[in-house]
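Trainee: The domain 'Globin' feature in Swiss-Prot is assigned to 2-146; the stated evidence is sequence analysis. The nitrated tyrosine feature in Swiss-Prot is assigned to 24, 29, 134. Swiss-Prot lists 44 with the feature phosphoserine. Per Swiss-Prot, the feature heme b binding site maps to 44, 64, 93, 96. Feature annotation from Swiss-Prot assigns O2 binding site to 61.
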């Protein structure tokens, strides 16, 4: 079964909720660093700070990550596959030392952040929609890394 219109709508509506509050970007990186403190140096906007400090670069990167997952949902519904819009993503992830376990951490942080942003609209169906979209993106990045 492919990605459905309803799943895309769920991702769209919660993506809008995420974008309304810049605090969710800080939450996202706090969750990542709590789960995998060693990843701090992988992010240029975090490596020289004492912790997660809100900044334009942090906001831009979080919006890019969540935006790419959102775009993946659209691609999955339309064509059933995710094609990276940025051909350098594989090389960047290799350069930063990203390994499979990092993709799991980011997925968990993404889902926890969307759960917080969605509030009472959170459901297993919403979680699954984001998870499938993220897995599509992660698979495309991993393919570009090989």
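Glycine is no exception: its Cβ is also placed from the backbone N, Cα and C atoms.
Small disclaimer: the values here were computed from a predicted structure and weren't measured.
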Trainee: Using C-alpha atoms only, work out the spacing between residue 96 (heme b binding site) and residue 134 (nitrated tyrosine) and round it to an integer in Å.
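Mentor: With distance taken Cα to Cα, residue 134 (nitrated tyrosine) is 19 Å from residue 96 (heme b binding site).
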Trainee: Applying the rule Cβ within 8 Å of the centroid of the Cβ atoms of 44, 64, 93, 96, what extra residues of the same chain belong around the heme b site?
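Mentor: Neighbours found: 42, 43, 61, 92, 98.
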Trainee: Could you give the Cα-Cα distance between residue 29 (nitrated tyrosine) and residue 64 (heme b binding site), in whole Å?
Mentor: 13
Trainee: Looking only at 24, 29, 134, the modified residues on record, which one has the least crowded Cβ, with the fewest other Cβ atoms within 10 Å?
Mentor: 24
Trainee: Calculate the per-residue pLDDT averaged over the domain 'Globin' (2-146) and state the result as an integer.
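Mentor: That stretch averages a pLDDT of 92.
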Trainee: Which three-state DSSP class does the residue listed as 'O2 binding site' fall into?
Mentor: helix
Trainee: Long-range same-chain neighbours of the residue listed as 'O2 binding site', Cβ under 8 Å, sequence gap at least 6?
Mentor: 25, 43, 45
Trainee: Sort the residues of the domain 'Globin' (2-146) into helix, strand and coil with DSSP and give the three counts.
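Mentor: Computed counts for the domain 'Globin' (2-146) are 110 helix, 0 strand, 35 coil.
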Trainee: Which of the recorded positions 44, 64, 93, 134 has its Cα closest in space to the Cα of residue 24 (nitrated tyrosine)?
Mentor: 64
Trainee: Does residue 44 (phosphoserine) have same-chain partners at least 6 apart in sequence with Cβ under 8 Å from its own Cβ, and which are they?
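Mentor: For residue 44 (phosphoserine), the qualifying residues are 57.
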Trainee: So if I draw a 10 Å sphere around the Cβ of residue 93 (heme b binding site), how many other Cβ atoms end up inside it?
Mentor: 18
